[in-house]
Each structure stands twice: as C-alpha cells, then as structure tokens.
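Annotation source Swiss-Prot lists active site, proton acceptor at 108. Per Swiss-Prot, the feature 3'-phosphoadenylyl sulfate binding site maps to 48-53, 130, 138, 193, 227-232, 255-259; the stated evidence is similarity to another entry. Look at Swiss-Prot and you will find 106, 107, 108 tagged as substrate binding site. Summarising the annotation, Swiss-Prot assigns phosphoserine to 138.
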C-alpha cells in the first residue's frame, strides 16, 4: 500500500462560521453535486455520541440480522461518511457512488452545512444525542488519537474550546437543539445515547418501527448482542483498527474507549464541573431537551 501523506494535525478551517477538520471542509464543495435518494437513511450525530453504534445497529437491521453480511467491510464503507475526506483514502462521496440502494449515510454536519437535497427529499434521519459532559471527555481522547484534528492541548483548555464551540463541527449545544427543532417538521427519530445504554432492545424496536421493518424477537436479541460495546470493541469491521495509524493512532487512545455513561466524573474537576454547569444552563435554557449525565 502506498504511503499515506503526513496528516500532521492541520488547524481547523471555518465554513459559514463553523470550524471543521481541514480535509472535511475541503470536501464540502463537492457535496453540492450530491443527490439524495428518497430511500436513503441519514444517521446524524454530533461526534462521539454513538454514531458507530447506531450505524452497526442499522446495518444489522438492513441485513436482517446476518452477522456475516455485516462483516463484509469496515463500517465506514458499509455506512459511508458523507463529508469524509483524508489523504490516501476514498472520500465519503466516492464510497457512496458504489453503495447500492437503500443507502445508510452518516454525517456530523450541522444543518447550516447539510446538503439541501437531504431535506428536499424528506430523507428519514436517525439522530443520536449524548450528554455534553461525556461527549466532551470522549471528544478530547478522540482528538488525541485522530491526527486529522489539531493538537487538543490540555484537558482544561480543550474543555474551554468545547464550551465555546471552537472544536470540529462547532457547538454541541447548537447541534443537539437544531436537530431537535427539525424533528418537529421532518422525519427525524431523535434518540438519546443514555436510553440506548439503559435498554438497547427498546431503542432498537423504536428504530425498526421508524424504518418500517419488522424482525423476529430472536433476531432483535442477536442485534443487541452483536452491537454491545464489548462485541464492537473487538470487531475490526466496527472499531476503526483497519485505518492507518497515520489517521487514527489506537496506541494513544482506542477509538472504542469505554462506551459508558457518567465517565465524565473521572475527568472533570469540581471547579470545571461548576463552570460547565453554569454555562450549560445559559445555553440550554428553554430548549425543551433534557439529558441524563449518569445512569
């Protein structure tokens, strides 16, 4: 395999006021030509909110619970990542061109950057939201290991950037709120990571109903088992270990790190938590969303 060019932690690039990984920002121009199909299904999340988990669940549903079919390729090929671009790897759009319908498509884009065709075609969306504290901790470790991001510096300085929306994909607060608003006018199934952790079978049943499919109970149980954190952490078709360490260095931090709710307590100091809570209350006031920060 040819050597992948040095990714060397380029600075974020702003598009319409939203910071993005440099390569992803460059990919947005070609997204203008993207045509959604009515039977596409979009998986949308802010980063580190259970994207790969729900992608694996949906691929299992689309493959009628056939585990072997779900090992046909890495998850980023089975569920193309719309805005993805990185040196030496096919772009998300290139992968999509070879993906047969009905397609599962992943994005982290805020609505301001989402191709209008997805809304025009009334494409169904499964959105997963996770509490901000766990997202911030997970994102910090992801920044450390995924070298397409700038250097995260210290946890304290990263947390400040997260609160200010100065991380890739911008503000968590805006992301979860605007997709919540969209769910009132567009076919969006809005799920919570914490609910999925608490009762995955119940949430998978919600997804099945939303996509208009039914599966035998034993198949649903198999999906619960196959998409458990332990199984996915050991599944090379789901855990991103097939990517070059030039892109993701698992020796720094695993892509599948802990997969729990409430891990923020091991990282936040009392002072950070107080500062975060005060800022959070201002940004989330009156939005109608409430998150559990532990189970």
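Residue positions begin at 1 at the first shown residue.
Cβ coordinates come from backbone N, Cα and C, glycine included.
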- Task: Give the distance between the Cα atoms of residue 108 (active site, proton acceptor) and residue 130 (3'-phosphoadenylyl sulfate binding site), rounded to the nearest whole Å.
- Result: 13
- Message: Taking only C-alpha atoms and a 10 A limit, tell me which of 106, 107, 138 are near residue 48 (3'-phosphoadenylyl sulfate binding site). These are the recorded positions.
- Response: 138
- What does DSSP call residue 230 (3'-phosphoadenylyl sulfate binding site) in the simple three-state scheme? helix
- For residue 227 (3'-phosphoadenylyl sulfate binding site), list the number of other Cβ atoms lying within 10 Å of its Cβ atom. 24
- Query: Using the Cβ centroid of 106, 107, 108 as the reference point for the substrate site, which residues of the same chain not in that list have Cβ within 8 Å?
  - Reply: 42, 43, 44, 45, 51, 81, 82, 83, 105, 109
- Query: What count of other C-beta atoms do you get within 10 angstroms of the C-beta of residue 48 (3'-phosphoadenylyl sulfate binding site), across all chains shown?
  - Reply: 22
